[in-house]
Amino acid sequence: MIRICPTVEEERALRAAGYRAIAGLDEAGRGCLAGPVVAAAVILPDAVIDTPDVLDGVADSKMLSPAQRADLFERITSLAVAWAVGATPAHIIDSHGILPATRLAMQVALLRLPRPADALLIDAVTLDNWPLPQRALIKGDARCLSIAAASIIAKVTRDRLMDALDACWPQYGFASHKGYGTVQHQQALRRYGPTPHHRRTFRPLCDWLATDAADEGLADGTGRSIL
């Protein structure tokens, strides 16, 4: 698969317009059956915008190996002017929907930045009523260096959270699939039922919960019926 190298064209255009704290934002975990959706905000320094080769290798996190992401995480966080993450748990995803939950995680990340942003570059979505200039870029994590950097921070952070959940719920294999709907994960769900970290409005889990209500019931993660 060909890796597309993100550029700093968007950052340079905003800088030419007078903005100096340009935050890239992206998320990880929108399509998972379990765990939070995690967003990251990253403000890169002028030195990186002027000479992006210092972050050579940064790309859409989905195109990188875990080892590459871990290495780039350290490089990005050491060079960034500011960075922060936000996470929205499964029960909020279920009650509000994945897109509002994603926006919430992004807003939390922005509020946690030690230096406030003055403009935003976001992968695919906009933050309604957020009082800053912003651009939503389709496939922004492949096109824009700041967004690609945020995608790596979000992915590594979320993977570490899922590793921690694996220590508490080892029967689900969270450390290997990170909450995505793999065959292994779906088999564990059918055997053990959902944990408090599973998204009960996501298919196929919501379908199983509905059909099992009229059947023998689905376990609650410990073998007890929840229906």
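The backbone N, Cα and C atoms fix where each Cβ goes, glycine too.
Asp123 is the residue from Asp71, Asp94, Asp118, Asp123 that Swiss-Prot records in the divalent metal cation site together with Asp26, Glu27. The record gives Asp26, Glu27, Asp123 for divalent metal cation. Within 8 Å of the mean position of their Cβ atoms, the other Cβ atoms in that chain belong to Leu25, Ala28, Ala39, Ala40, Thr102, Met106, Ile122, Ala124, Val125, Gly140, Asp141, Ile147, Ala150, Ser151, Ala154.
Counting every protein chain shown, the Cβ of Glu27 (divalent metal cation binding site) has 30 other Cβ atoms within 10 Å.
With all protein chains in the displayed structure included, the most crowded Cβ environment within 10 Å among the binding-site residues Asp26, Asp123 is that of Asp26.
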